[in-house]
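**Student:** Quick paste of what TrEMBL says about this protein:
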type	residues	note
TRANSMEM	B:21-41	transmembrane segment
TRANSMEM	B:61-80	transmembrane segment
TRANSMEM	B:92-112	transmembrane segment
TRANSMEM	B:118-136	transmembrane segment
TRANSMEM	B:143-164	transmembrane segment
TRANSMEM	B:176-199	transmembrane segment
TRANSMEM	B:211-230	transmembrane segment
TRANSMEM	B:250-272	transmembrane segment
Amino acid sequence: MLKIKGLVKKYGKFTAVDYLDLHVPKGEIYGFVGPNGAGKTTTMKIISGLMEADRGEVYVNDIDVLKNQRKAKEVIGYMPDFFGVYDDLKVTEYLDYYASIYKINAKERKKICDDLLELVDLQDKKDAYVDSLSRGMKQRLCLARSLVHNPELLVLDEPASGMDPRARVEMKEILRVLKDLGKTIIISSHILPELSELCTSIGIIERGKIVISGTVDEIMQQVYRKRFIKVKIKDKTEECAKVMQEHPLITNIIKGENSIEAGFEGSEEEMAMLLKELVMRDIPVISFGQMEGNLEDVFMKVTKGDEA
Amino acid sequence: MMRINPVLQKELKIRMRGWRAAGMIGVYLIFMTLTASFALIMSMDDYYRSTIDPEVALGSYIGLAVMQLVLISFISPALTTGAISGEREKQTLDLLLSTPMTPLSVITGKLFASISQVILLIIASLPIFSIVFLFGGISVIELLQLFGFFIIIAITFGSIGIFYSSYFKKTTAANVMAYGTIAFLCFGTIFLTILYLGITRNYGYKGFFPFLYANPIIGFTSILWDQVGGGNVNIFPGLIFGNTAAASHISTWIINLLFNIILSIVLLILSAKKINPLKERHRGRFYLSRKGKK
């Protein structure tokens, strides 16, 4: 769906995006994580046709974004990190205005606006002036605006910034619905745990370069070169620990009262074999699974920060 | 079916909402009515006669036309200088430019939304101007000619406003620059002509100095001069009313209109170029191709 090859953007001597390569397959939610000034917004603006690249290629659905802007903009929905609204327009008029820009006829526009307001849960505000909405509502309205032309790719630059926890949860729910609708989404955020829950893949960007990219599990494996598993048992903790210690792929065992955490340097199939072995040795396993990665640790590990 | 520019449609909806537009027309018509009444009273005071003199009508006509020009000169830039800088200040420009709408469509939509308001004011003043038909001396064609001139002037001043609005981030700066440029066209051109002829000691300059064709006041005076049938008058070397462009046989106001149209087109294209986020593409590529690949 989205392919970026060798993207470069310079502001004078400062290189904001430095030969960036990225591939986001159709239907994925790709999280774009990075410290401030890493090049997230610049990359997103280039994808959305709001900024010129100095070099490189960007393809959305095989459309060359840098050469065929108009066609590309028809399949991209963009939501910036900071945006304003027209204070003299009502909510439905606001959506209708953007829909008319995409040459959607008046009859269809009405249905689209109603559907989108239902999606973002703003039906009861349809006749309210946009300026009277809360920040969270405006963010949701802006998301609805980016969907008026039913784009295939959504580029969302920090869509949950400045929202209270409830509004964040609501925004996440909407994004899940969009994921179910088959939209490809590229989303940037500073809230790393949120991205790990929501995104199918994540890319960590620093100084204009993708430092690491993949699913959360893949990233954890790349960084720590192993998985972390947690086994909960009814009893026989010592016996379980002994079995695990003898396993060639297990490292760093931490014993709890009725649980054991350990590093595991194997594949998912090998993990299944380990579970089978535990069960065959009559160890009363209550739960067995991979521990969720701590993305913030990964982020701190792979990014160097300004001082580096 | 013809599709109306969405920006124009939205702007008209917002601008015509509430009492703001009606209030503006009301105040405008009060100004025009007061001017017409004042001009009529002043003209009649001089005569004290019961018969109607066409010169009374001409006095009112000229008074109304001058007032209309002054109002248009102030209103047109005021309505356009916030068009693009306002979108930037409100952070809505990026949203607009992320759509397939071309920068030129955005610019023209904004301009015509503002100008349509000015055109509405001009049309609303038509009944007041029609007072002159009671007295005679001015034909309908001549009145339409003057109104056409006003519309072009409104577009030109509006384009100047839009141009500065795209180049300056703040509306205040755009306002200052727009009014400064209009003042330069109206008075600066005269000053520079006098200065140039003075420096070159060309006091006996025959004909119309080309620089003055850019002056809207001279264009306006020329159209009224032609309509009321004024003779040849040499105001100062380089500025003649009457049969001015003798060589070309084209009236000064027509050349001024052509200048205004060309100026508007150039300013609108430059404004569209300015707000186009993709303007640096070729320069950037050239720079990197010279530096070589990493």
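Note: Cβ is positioned from N, Cα and C throughout, glycine not excepted.
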**Student:** Can you work out which residues elsewhere in the same chain, 6+ from the ends of the transmembrane segment (B:211-230), have a Cβ less than 8 Å from its Cβ atoms?
**Tutor:** 58, 62, 65, 69, 73, 137-138, 142, 145-146, 149, 153, 156, 182, 185-187, 189-190, 192-193, 196, 238-239, 241-242, 244, 251-253, 255-257, 259-260, 263
**Student:** Go through the chain and flag residues at least 6 beyond the ends of the transmembrane segment (B:176-199) whose CB is under 8 A from any CB in it; none is fine as an answer.
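**Tutor:** Non-local partners: 73, 77, 80-81, 157, 160-161, 163-165, 167-168, 205, 209, 211-212, 214-218, 236-239.
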**Student:** Mind checking which residues of the chain, 6+ beyond the ends of the transmembrane segment (B:21-41), have their Cβ under 8 Å from one of its Cβ atoms?
**Tutor:** 15, 56, 59-60, 62-64, 67-68, 71, 75, 117, 120-121, 124-125, 128, 131
**Student:** Determine which recorded stretch among B:92-112, B:118-136, B:143-164 has the most C-beta pairs below 8 angstroms with the transmembrane segment (B:61-80).
**Tutor:** B:143-164
